[in-house]
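Here's the structure we're looking at; comments come further down.
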Amino acid sequence: MSDRLKPLIGTAATRPLSREEAEFAFECLFEGEATPAQMGGLLMALRTRGETVDEYAAAASVMRAKCHKVRAPHGAIDIVGTGGDGKGTLNISTATAFVVAGAGVPVAKHGNRNLSSKSGAADALTEMGLNVMIGPEQVEACLLEAGIGFMMAPMHHPAMRHVGPVRAELGTRTIFNILGPLTNPAGVKRQLTGAFSPDLIRPMAEVLSALGSEKAWLVHGGDGTDELAISAASKVAALEGGQIREFELHPEEAGLPVHPFEEIVGGTPAENAQAFHALLDGAPGAYRDAVLLNAAAALVVADRAADLREGVEIATDSILSGAAKAKVALLARLTNAA
């Protein structure tokens, strides 16, 4: 332990840290050079004042540099949310990932266990028979053979072991709730990323731009979820060509009906997995339409679809042809053989 972080704790409470100062601070955290009290002090100073784009970008760049990296195919996309919306929905981003992969777009999905629902991405995948506790080489093999791979955050970010206990003791949101979607170990350049607050979508888009993303949609559902909503309009900050455009998106713009929010509320991992299987078998309803909407957006971000309506058509074919379901079966086989 050292006192190198100490001066920056007081600074962080009174003014934004520069990119260089923030990088130094997070180097101290990730190298285990700070005491738990110092870590907590820095995290709460940032949270109380409000983190800046430079601070997000600095923390994300240090975290990316220290992760166990994965080589992904060209054009790979991540489909992920911050979690923390407290809405307990069915596993929409997870199902979306398989639908998009079934449409021929490589998906390098970064995720963890439950945060905002009773069943996070890793919980749902485990319930469906996939082994999520695999390392970078196995994930790369999955991406090459199946066109989809799941990167369990703790398996790829060993430096987080230093801050994990502090986060648990604080018991409140910190900058790390935002960093997950910004620190994909495969370094993908395209993202469909949901945020638990509409106030985060533009800053997160600015961070992804600073970190080299080519095209990304940062979204917040009008129903309060960290994905495009099927029950209301959603806010979007779209990054493309270094420019950010903000707009609202309604399900009907994609040719989809509006459904009551209650129809996408999830349950236990087993119940969510059952709904997931039914969706892959073609069951209609709010869950499928929510997945189609998010898949359509991902296909636009991946340049696989020209617009949302075409994206819905492609995503529908991925489900009804059995392509999305086949991806689940293949990934289950590959991860359990690892």
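Placement of Cβ uses the backbone N, Cα and C atoms for every residue, glycine included.
Database features, via Swiss-Prot:
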- GLY81, ASN112: anthranilate 1 binding site (BINDING)
- GLY81, 84-85, THR89, 91-94, 109-117, ALA121: 5-phospho-alpha-D-ribose 1-diphosphate binding site (BINDING)
- SER93, GLU227: Mg(2+) 1 binding site (BINDING)
- ARG167: anthranilate 2 binding site (BINDING)
- ASP226, GLU227: Mg(2+) 2 binding site (BINDING)
Checklist entry - So of all those binding-site residues, GLY81, THR89, HIS110, which one's Cα sits nearest to GLU227 (Mg(2+) 1 binding site)? => result GLY81
Next on the checklist: Run through THR89, SER93, ARG167, ASP226 for me and report the binding-site residues whose CA is within 10 Å of the CA of ASN112 (anthranilate 1 binding site), in sequence order.
Outcome noted: none
Checklist outcome for this item: DSSP says SER93 (5-phospho-alpha-D-ribose 1-diphosphate binding site), in three-state terms, is helix
Checklist outcome for this item: Simplified to three states, DSSP reports GLU227 (Mg(2+) 1 binding site) as coil
Item to check | Alpha-carbon distance [GLY81 (anthranilate 1 binding site); HIS110 (5-phospho-alpha-D-ribose 1-diphosphate binding site)] in Å | outcome: 9
Item to check | SER93 (5-phospho-alpha-D-ribose 1-diphosphate binding site) to GLY81 (anthranilate 1 binding site) - Cα separation in whole Å | outcome: 7
Checklist entry - If one measures from the C-alpha of GLY81 (anthranilate 1 binding site) to the C-alpha of ASP226 (Mg(2+) 2 binding site), what distance in angstrom results, rounded to a whole number? => result 6
Checklist entry - Could you tell me the C-alpha distance between ARG167 (anthranilate 2 binding site) and ASP226 (Mg(2+) 2 binding site) in angstrom, no decimals? => result 21
Item to check | Rounded Cα-Cα span from ASP226 (Mg(2+) 2 binding site) to THR89 (5-phospho-alpha-D-ribose 1-diphosphate binding site), Å | outcome: 10
Checklist entry - Which has the fewest other Cβ atoms within 10 Å: THR89, SER93, ASN112, the binding-site residues listed? => result ASN112
Next on the checklist: If you count, for each of the binding-site residues HIS110, ARG167, ASP226, GLU227, the other Cβ atoms lying within 10 Å of its Cβ, which residue has the minimum?
Outcome noted: ARG167
Checklist outcome for this item: Counting across all protein chains, other CB atoms within 10 angstroms of the CB of GLY81 (anthranilate 1 binding site) number 29
